[in-house]
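K.L.:
The structure follows.
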Amino acid sequence: MQGQRLPLRVATLMTGLLECLGFAGVLFGWASLVFVFKTEHYFEELCEPNARLMGNATGLDDCKAQDERFSLIFTLASFMNNFMTFPTGYIFDRFKTTVARLIAIFLYTSATLTIAFISADSAVLLFLAMPMLTVGGILFLITNLQIGNLFGKHRSTIITMYNGAFDSSSLCSGDGPGEEEKKTVESQKLELSEEFISPKKEIPRAGQQQEPRSFRSYAFSRRFAWHLVWLSVIQLWHYLFIGTLNSLLSNLASGDRVLVSTYTNAFAITQFFGVLCAPWNGLLMDRLKYKYQEEARKTGSSASAAALCSTVPSLVLTSLLCLGFALCASIPVLPLQYATFILQVINRSFLYGGNAAFLTLAFPSEHFGKLFGLVMALSAVVSLLQFPIFTLIKGPLQNDPFYVNVMLALVTLLTFVHPFLVYRECWQKESTPGVA
């Protein structure tokens with residue numbers, strides 16, 4: 001019976017993977033989309049006459065007001081991408097697959113038709129279409145993640161592949177210059193298997209008391225607060241980079257449209273490899289988790305503390321990748337951006353898987369959905385800073401992002417505090433047998 005069902009399961013897996021790969025994360029191909037929108041003269045009426053003439057003569061569309069309008073659209077859409085994670089997950093939980101997919105199809109189809117038929121005169125409809133496209137894509141991802149349950153012990157690998165396909169779908173962003181996490185509430189619930197030992201499931205030792213704690217106590221804990229800082233800072237870097245990439249490349253290429261197209265294509269191609277990068281972080285954490293828990297069994301120390309310790313290398317590595325990505329993005333050398341693209345896609349793949357795994361291992365499963373929704377919503381609010389930062393660069397800083405990049409790179413150093421505190425907490429638990 002199992003053998004007879006295998007072809008159907010594989011077919012279901014492949015169709016879901018193609019759906020996520022082709023549609024779910026199109027927003028993150030924003031650099032390619034902006035190139036096309038500028039070619040079609042969207043929001044060009046906002047440009048000064050001199051800037052418009054210079055653009056026609058040299059191929060440089062360096063228009064502050066136009067770039068700000070595109071940045072505002074991306075800011076709104078990326079905010080919805082995170083903030084709507086919790087309500088869309090609730091819709092799926094409450095109304096199940098059919099209703100969720102019908103809503104996703106309606107939103108996505110309406111958005112794509114709107115984008116297809118708008119012109120330069122009606123470009124303002126992008127403010128409606130891009131958020132709809134984003135929410136529809138999130139629902140596509142959520143409804144496909146349950147396919148992981150068909151593959152038993154390989155469930156985590158399948159879920160990670162789907163999230164990687166979500167990242168990679170930004171190569172499929174359209175017919176532009178070359179043709180652009182995410183872990184969601186449901187994906188995290190599917191990850192909550194017996195493999196992950198939570199404090200709730202751990203058997204207390206003699207004399208050890210485990211009192212249930214409220215959601216509020218976890219939401220206001222130092223562990224959760226620093227995890228929010230870790231996620232928000234790294235995520236802000238990614239959103240700011242993607243939202244301003246077209247403007248950055250135009251400046252570094254001195255307005256050479258062909259060169260901008262070449263680098264935009266390179267960025268889109270690197271995004272495709274997110275599907276290959278995503279599983280490595282999970283593999284690292286799984287191996288470390290089993291290793292530390294095996295040692296914990298031998299020494300009689302806390303298994304939950306051992307599981308928590310397995311997240312530290314992933315947190316540190318993600319912060320290091322972000323710092324490298326930030327430094328490369330801050331150096332105004334065009335060929336160096338190839339390295340920036342590679343570091344960016346690896347870091348983004350590690351970020352959302354690491355976020356999910358940490359919340360799974362660091363907090364009780366009964367509070368996971370609420371904590372995940374809260375951290376994504378709050379990080380979405382922080383991501384709104386990308387628009388005033390972009391306005392600052394285009395205005396007072398006269399299109400020179402150097403000082404902003406240096407400041408953000410310094411802020412990135414704060415992300416190393418989180419793994420340090422987690423490591424210290426693990427060490428204290430291991431050295432104090434009575435602490436769970």
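Cβ coordinates come from backbone N, Cα and C, glycine included.
According to TrEMBL, the feature transmembrane segment maps to 12-37, 70-92, 99-118, 124-145, 224-242, 262-284, 305-332, 338-359, 371-390, 402-423.
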K.L.:
Given the transmembrane segment (12-37), which of the listed stretches 224-242, 262-284, 338-359, 402-423 has the most Cβ pairs that are under 8 Å apart from it?
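P.N.:
When the Cβ pairs under 8 Å are tallied, 262-284 comes out ahead.
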K.L.:
At a threshold of under 8 Å on Cβ distances, which of 99-118, 124-145, 305-332, 371-390 pairs most often with the transmembrane segment (402-423)?
P.N.:
305-332
K.L.:
Near the transmembrane segment (305-332), which residues from the same chain, at least 6 beyond its ends, have a CB less than 8 A from one of its CBs?
P.N.:
196-197, 230, 233-234, 237, 241, 248, 251-252, 281, 284-285, 288-289, 291-293, 295-296, 339-340, 343-344, 346-347, 350-351, 354, 357-358, 361-362, 401-402, 405-406, 408-409, 412-413, 415-416, 418-419, 422-423, 425-426, 429-430, 435-436
K.L.:
Same chain, outside the transmembrane segment (99-118) by at least 6, Cβ under 8 Å from its Cβ: which residues?
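P.N.:
Answer is 23, 88, 91-92, 125-126, 128-130, 132-133, 135-137, 139-140, 142-143.
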